[in-house]
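Here's the structure, in C-alpha cells; my notes come after.
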Amino acid sequence: MVDAGTVSSGAGFKQQALGVGLVVLSTIAIAIVPSFAKLAYEGGSNTLSVITGRSIFSVLITLLLLGASRQPIAIPRRPMWIALAMGVAYAVMLYGYLGAVNYLPVSLVILIYFIHPVLVGFIVMFLGQEKLTIISIGALVAALVGLYLAIGLSFEGLSGVGLSLAALAMAVTAIIVVCGARATAEAKAISVGFYMMLSAAVTLTVIFAFFGTLALPTTPLAWTGFIGVAVASTVGTLAFISGMAYVGAARAAMISNLEPVLGVLFAIAVLGERVSLLQGVGIAIVIGAIFVMEMRR
C-alpha cells in the first residue's frame, strides 16, 4: 500500500520541479531578447517598430491564455489602475532597454539594466518596508564599482544617449517591481499582467501613430530577431509568473538572477561581442552584488 505522505511528497516535488523549470525557461527567454533586438536593428528595423509589435503580440497571447485557463479578466479597481499605470511605465522601460541596444554593446546594456534589484532594495527601505543595513549599502557600492570596471574605466567612446536609456530602463523597472508587488497582492498575477501589457501596447501604439516610422526587417536573420523579441519576451514573462506560483517569489527571483549572466553569454555567442578580463571581473562583481541583495530578503 502506497503511503499518502509519499504520494503528497512526490506531487509536491513535481510541482517544485515544474516551477523551477518554468523560471529557468523564463530566464533563458528574457536573457536573449536584447540580442534578438540587435539582430532586428542591424537588418533594418527600429526600436518603436520592434517594441510595439512585441507589446501587441503579448496582449493577444495573454488574452488567449486567460481564456484557456478561465481566469477572470475583471479585477478590483485599485490593482487595475496600478496595472494600467505600470503599463505606461513598462512602455518607457521597453524603449529604454531595447533602445539602448542601438547605442551600446548588448552586454553593457544588460549589466546596467540588471542593477535594478539593488535599487529595488533601496526603494523599499526608503518606503519603510525594510531596514537599511551595512550589507545593502555594501551591495550598492559593489554594484557601482563593478559597473565602473565593466564599462572599461572610461566613458570615452560610449554614447551618452545609450547610457541614459539603459539607466532609465533600470530605474523604471525598479519602480514597476515595487508597484507590481502591491497590485499582485490584490489580484491574480496573470490578470494584472494582462492590464499592464494592454496599457503598454496602447501607449506604444499611440506614440507609434504620431511619431513612429514602420521599419520592418529586410533580411531573414533580422526577421528572426524581430519575431524572437516578441516570442521570447512574452514566453519569458508568462513563464516567470506561472513558475512563481509554484516556487514562490523569493526562489523565482534568485533563479532569475542568472539573466545577466546568460544575457552577456548570448551577446558573446550570437553577436560576437568581446569582454576583456577586467570587464569580466566587473560583471562578476555586479552579479555578486545582485545575489547578495536577493539573498538578504
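Cβ from N, Cα, C; glycine included.
Marked as transmembrane segment by TrEMBL: 17-36 (among others). Beyond the transmembrane segment (17-36), the same-chain residues lying 6 or more positions past its ends with a Cβ under 8 Å from any Cβ of the stretch are 97-98, 101, 106, 109-110, 224-226, 228-229, 232-233, 235-237, 239-240, 242-247, 251-252, 255-256, 258-263, 265-267, 270-271.
Among the features that TrEMBL reports, domain 'EamA' is placed at 18-150 (among others).
Under the heading transmembrane segment, TrEMBL lists 48-68 (among others).
For 80-98 (among others), the entry in TrEMBL reads transmembrane segment.
As annotated by TrEMBL, transmembrane segment applies to 104-127 (among others).
Per TrEMBL, the feature transmembrane segment maps to 134-155 (among others).
The transmembrane segment feature in TrEMBL is assigned to 161-181 (among others).
Per TrEMBL, the feature domain 'EamA' maps to 162-293 (among others). Secondary structure of the domain 'EamA' (162-293) per DSSP, as helix, strand and coil residue counts: 112 helix, 0 strand, 20 coil.
What TrEMBL records for 193-215 (among others) is transmembrane segment.
Counting same-chain residues at least six beyond the ends of the transmembrane segment (221-241), those with a Cβ under 8 angstroms from any Cβ of the stretch are 22-23, 25-30, 32-33, 35-45, 49-51, 53-54, 57-58, 61-62, 65, 98, 189-190, 193, 197, 252, 256. Sequence annotations record features per position, and here TrEMBL assigns transmembrane segment to 221-241 (among others).
Residues 20, 23-24, 26-28, 30-32, 34-35, 38-39, 105-107, 110-111, 113-114, 117, 240, 247, 283, 286-287, 290-291, 294-295, 297 of the same chain, all 6+ positions outside the transmembrane segment (253-271), place their C-beta atoms under 8 angstroms from a C-beta of that stretch. Per TrEMBL, transmembrane segment is recorded for 253-271 (among others).
Among the features that TrEMBL reports, transmembrane segment is placed at 277-295 (among others).
For the transmembrane segment (48-68), the neighbouring stretch richest in Cβ pairs under 8 Å, chosen from 80-98, 104-127, 161-181, 193-215, is 193-215. Counted as Cβ pairs under 8 Å, contacts with the transmembrane segment (193-215) are highest for 80-98 among 80-98, 104-127, 161-181, 277-295. Secondary structure counts, DSSP: the domain 'EamA' (18-150) has 108 helix, 0 strand, 25 coil. Averaged across the domain 'EamA' (162-293), pLDDT for the predicted model comes to 84. Away from its own ends, the transmembrane segment (80-98) comes close to residues 33-34, 37, 47-48, 50-51, 54-55, 109, 113, 165-170, 172-173, 175-176, 179-180, 182-183, 187, 192-204, 207, 229 of its chain (Cβ-Cβ under 8 Å, at least six residues beyond either end).
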